[in-house]
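According to TrEMBL, the protein has these features:
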BINDING   HIS157, ASP181, HIS183, ASP185, ASP266, ASP268  Mn(2+) binding site
Amino acid sequence: MRNIGRMGIHYMNRLHAANVPADLIEKGQKRVIEASLTLIRERAKLKGELVRALGGAFASSSLLGVPLGHNSSFLQGPAFAPPRIREAIWCGSTNATTEEGKELNDPRVLTDVGDVPVQELRDCGVDDDRLMHIISESVKLVMEEDPLRPLVLGGDHSISFPVVRAVSEKLGGPVDILHLDAHPDIYHAFEGNKYSHASSFARIMEGGYARRLLQVGIRSITSEGREQGKRFGVEQFEMRSFSKDRDLLENLKLGEGVKGVYISLDVDCLDPAFAPGVSHIEPGGLSFRDVLNILQNLQANVVAADVVEFNPQRDTVDGMTAMVAAKLVRELTAKISK
């Protein structure tokens, strides 16, 4: 899997070794980048026009897939997650209604603008600096089409940095973040990679894109994770004290005085009994109903969200984790759309 992720880079190295002019390669990369952004732009424009024509929507969730897995420190299977989550959302084994009664078949509740073509961009030699910029620009294109709000399907957790950056820049200020995860993902640069999925929230906090960061479900944290948490003023709620914190976490009120609330939901926040299809299996996590109670009771204007780290290559129990991820997307949709 790791070799697949590097094929594009190796291909570009061969072109450089063959003395292909650098400006020729650069021009080709720019065309591919523009084509990628054009597709997102036009799909978002179409969906935005549809929602506005129907009327009555103040905010509408719009799916944006970011099939990126190469910044994972262990397995890269999350790159395959977006289509599997979509398949589970519409598989027909359940209806298209959220628990509070919102109909996903109504485009005023949910639309889909497709995927950022991550692998195609990497096949052209686009490096991570530019790739993260492309992800940010794609999110902004969705947000330009009011009332669409991005609900991003990962992908590993490295995608949260460019997504939150885009949301904060587009709204003109920091957001509050509710982050559900087994890990704090706040290493300075895990294994030397500043874009590691284990470092995304360090980049977010360094950039000033969040005022408050609440991390819930934590049960795998090192001394660096705690030190970084203190450095950035992160509110870390570890599972070992969840019974004590439950009442607080199930009655959160966030976003006052900032531009809104962002929810980042790593599927491994759940105990593996509920979601075995993840790269980093960490026992002792939240139940599915624990997560829904936190989300459904949250008082907040949710401006964007992501669901990350579902790994279809480990989802061996009849697509169970795909259905779990899909249900999380459905209930986040209900939280965003109004």
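Placement of Cβ uses the backbone N, Cα and C atoms for every residue, glycine included.
Remember, predicted model here, so these are calculated numbers, not experimental data.
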Count of other CB atoms lying within 10 Å of the CB belonging to ASP268 (Mn(2+) binding site): 29
HIS157, ASP181, HIS183, ASP185, ASP266, ASP268 excluded, remaining Cβ within 8 Å of their centroid (Mn(2+)): HIS179, ALA182, PRO184, HIS197, CYS269, HIS280, VAL308, GLU309
Other CB atoms within 10 A, centred on ASP181 (Mn(2+) binding site): 27
Proximal but sequence-remote residues of the same chain as HIS183 (Mn(2+) binding site) (Cβ under 8 Å, at least 6 apart): ALA198, ILE218, SER220, ILE221, GLY225, ASP266, ASP268, HIS280, GLU282
Neighbourhood of ASP185 (Mn(2+) binding site), C-beta criterion under 8 angstroms, separation at least six: HIS157, SER160, HIS179, HIS197, ALA198, SER199, SER200, PHE201, ALA202, ASP266
